[in-house]
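Note sheet for the following structure.
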Amino acid sequence: MISITEWQKIGVGTTGFGIFFILFGMLLYFDSVLLAFGNLLFLTGLSLIIGLRRTFSFFFQRHKFKGTSFFLGGVVIVLLRWPLLGMCLETYGFFSLFRGFFPVAFGFLGSASNIPFLSALFQRLQGTSSMV
């Protein structure tokens with residue numbers, strides 16, 4: 001069993017609220033205040049979950065520099081009240097940063113799902129990479 005500290009539990013909640021505010025801000029026609037608040041909560045929660053040092057080492061790796069610059073640049077653009085452009089930059093940066101994680105996540109969802117259509121879809125999205 002993996003032990004989770006209280007700070008990590010707070011980080012999971014903060015990240016969840018950040019994702020909620022980002023989605024709610026997009027639902028309300030890219031409300032810049034909700035998007036900015038969601039971005040700040042998401043980044044704060046991520047740093048609470050994995051720690052500041054690991055967060056900085058994740059974002060500032062040499063091969064992830066382009067994704068990091070687009071993601072953090074999008075956050076700054078949203079904070080400057082250009083929400084549509086900022087969210088486009090953030091989305092591109094997010095997919096660039098977490099590109100290696102998606103096959104693992106789809107593989108897990110495919111193996112955890114008992115619904116035949118969804119299982120086949122997630123197995124197809126998984127590609128060649130696997131968890132084992």
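Note: Cβ is positioned from N, Cα and C throughout, glycine not excepted.
Since this is a predicted model, take the numbers as computed values, not measurements.
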Per Swiss-Prot, is Gly13 on the side of the membrane where Thr68 is? yes
Which bits of the chain, at least 6 residues beyond where the transmembrane segment (69-89) starts or stops, bring a Cβ under 8 A of a Cβ in it? 25-26, 30-32, 35-36, 39, 43, 59, 96-97
Let's see if you can do this one: DSSP helix, strand and coil counts over the topological domain 'Cytoplasmic' (61-68), in that order. 7 helix, 0 strand, 1 coil
